[in-house]
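What Swiss-Prot says about this one:
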type: REGION; residues: 1-59; note: region 'Disordered'
type: COMPBIAS; residues: 26-41; note: compositional bias 'Basic and acidic residues'
type: BINDING; residues: 66, 68, 93, 114, 141, 157; note: S-adenosyl-L-methionine binding site
């Protein structure tokens, strides 16, 4: 994970909420931005014996802790979350509580998760009074938390390095209504088609989840200043899925075949499982050229292709 450079300016407020150095799965990580760079034994301040030999600065970097410098940004994010009035809201990565404070008026109950044990006492002190009786601070790894049985919204200024795991958790949660994350801008743009290209994850989950980019947050809003800007990513679980549950397995198999890259085009990949006539008809219905590369096919075009092809049985292997 890339080390965030130090800001040339002092932070505007001590009340801060977390943002994070660049996100990096093995597939999406830019060269030289790996987590191991932050874990070098030559990192400054590594001689402290606290926290198992980690200095507070090193622990902060390993937990992807960069903090929002202005409360106004947290309030902007909170307005975009829009949880159900009186409903349950979970926050992942409470940090020092700035976003928590901004979210609290918008929900009936708020459970704020924070993995860093050093931040928990201050959080519990800040939200322990009667004004925040509906707020509960939860320590530990959010990814180990059980999914609520009741409908809930999810929000957070999440670690770039843990974005994939947190997003997967949200997508698997059957009672989720929406998730609103501040995360790496590149990731948010990639997942929402903002580059004009669409990812496998977005297309695969589109029948049940809508992905949107709600805005961006400048890197200058964080202290220390990270290398990249952040985006506000919104994932909404559809009240009425675009496909019936019985069709999802076939849809997922078609999408995975299409993203296999065999033949260099979506048509060539799908031709392995479908006859030319029905496939040509599906491409005409979706207004797709046979030479189109899979990344440039929108989720709605995928659905048109699938709905046109679904009555057609796949060819047996080898034919």
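Any Cβ shown, glycine's included, is placed from N, Cα and C.
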Mind computing the max CA-CA distance among 66, 68, 93, 114, 141, 157, which the record assigns to S-adenosyl-L-methionine binding, rounded to whole Å? 21
So if I draw a 10 Å sphere around the Cβ of residue 157 (S-adenosyl-L-methionine binding site), how many other Cβ atoms end up inside it? 29
Quick note, residue 114 (S-adenosyl-L-methionine binding site): same-chain residues at least 6 apart with CB under 8 Å of its CB -> 93, 94, 95, 120, 123, 137, 138, 139
So residue 68 (S-adenosyl-L-methionine binding site), by the Cβ count within 10 Å over all chains shown, scores 29
Other CB atoms within 10 A, centred on residue 93 (S-adenosyl-L-methionine binding site): 28
